[in-house]
Amino acid sequence: MRFNFSSHSAAPTSTATTTTQANGGDKAAQPLKKAIEADPDSLDSVISNPHSYPITIVPNRPTSFYGLSANGKGFQRQPSCRSRNFRPGSMRRVRRRAVFKNGDCNVVQKHLQRRRVRFLQDMYTTMVDWQWRWTLLAFALSFILSWLFFALIWWLIIYTHGDLEELHLPDNQEESGWAPCVSAIDGFTSCFLFSIETQHTIGYGVRTTSPECPEAIFMMCFQSIYGVMSSAFMAGIVFAKMTRAKQRAQTLLFSKHAVICQRDGCLSLMFRVGDMRKSHIIGAGVRAQLIRTKSTKEGEVMTQYFTELEIGTDDSGSDLFFIWPMVIEHKIDENSPLYNLNATDMLQDKFEIVVILEGTVESTGQSTQARSSYINTEILWGHRFDPVVLYNKDLQAYEIDYGRFNETTQVDTPLCSARELNEIYKIQEGFRTPASPSSIHSSSSGYQFPGNPNRLRWQLSVPL
């Protein structure tokens, strides 16, 4: 049974009467009435008392609503061209952003001229940027194809020299007195094995090159040089792929939300950064940029306009001594692009704040960069981050609780913009310290007031 709340009270009485008659008349209603009197907060008491909350009782839905036919059998699903992943109302609205939360850039390139040629010219970077499956496939194919290629070259050299004739095979060489180019070669399979031994300098001691064929000596030298170069090239690619900065950035954390609250009387935008590893980031620095739409005086609309935000932590600026999670603060003052935004504008405006953490990895000495972003709906107005660093007396060390890394606490924060808040503070400061007639008289006689001259201006602006 489904309950539909409405504004009238006549329908519940008639419907409730119908329901009572359907269940057995007035006799069946007497136990129900006693149960209602015993539990006044139950759903039945609300139904029987229309004056407490007007509701309308709607009869049960038909069996066809639940996927059953009249005889109780299930319906057969009709084929549909709509995707299974699509469900109306089940997907949230995806807001566009330039940088995802994991740091990947939401950029797709198209209409690139000579794209493949340019990428092949920088083969090393191209292979490093590949996914692991393609890198490992290229690593294996580079060896297998080179083995097959040089095996074919060795087979041609031996074939042209006549070593594969019946009387010149290894079993008949002692009787015929034949001197082959490579000993113990009787077909393509043995040529393939000799190619592997030569390229990787294995040297089992069975197949060796003789001085009868100068071309064989040259090919042995060439394949040995190629083997060293290809091994160094592929090992460098795998090493660079494993130690690139993107991998170290996986252990650098950004808070899920940014917050706005008051610090020292001023509104501040804050987010938190952390490092999961014990090996620290040397020379860590944080930058933040605001991406929003801007219109110029000439009428040009720049949809991706970057504005640098002045950020810092405590009084140390943007350079961090990054030994534990730190809260990065952007003070919303006259120089901030968020100076005129209040809590309502923050939800309605469309912008994105990209945060970048850069530094040098202590263990490898390589530079790394971690990125994240916050859109307007990911900024909590009137919240403050909970502390995560506490001193443990038992361990005699500072303990970091990463379980509270994204935890915030709601605090009292004005909903007005920073500009309006500063104007209110100025007015309150003027009315809080009114000037006396004697002070104004002494000021007119040439007396110099000590203190802030701005405060004197507000004192003189108060009507006496």
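Backbone N, Cα and C define each Cβ position, glycine as well.
TrEMBL does not curate its annotations; it predicts them automatically.
What TrEMBL records for 1-22 is compositional bias 'Low complexity'. Annotation comment: TrEMBL describes 99-245 as domain 'Potassium channel inwardly rectifying transmembrane'. Annotation comment: TrEMBL describes 252-423 as domain 'Inward rectifier potassium channel C-terminal'. Residues annotated as region 'Disordered' in TrEMBL: 1-29. TrEMBL lists 134-157, 216-240 with the feature transmembrane segment.
Here the transmembrane segment (134-157) has long-range neighbours at 127-128, 181-182, 185, 188, 191-192, 194-196, 198-199, 213, 215-216, 219, 223, 226-227, 230, 234, 237-238, 241, meaning same-chain residues at least 6 beyond its ends whose C-beta is under 8 angstroms from one of its own. Outside the transmembrane segment (216-240), and at least 6 residues removed from its termini, the chain residues within Cβ reach (under 8 Å) are 124, 127-128, 135, 138-139, 142-143, 146, 150, 153-154, 157, 181-182, 195, 198-201, 209-210. Confidence over the domain 'Inward rectifier potassium channel C-terminal' (252-423), given as mean pLDDT on the 0 to 100 scale, stands at 91. Using DSSP to sort the residues of the domain 'Potassium channel inwardly rectifying transmembrane' (99-245) gives these counts of helix, strand and coil: 93 helix, 4 strand, 50 coil.
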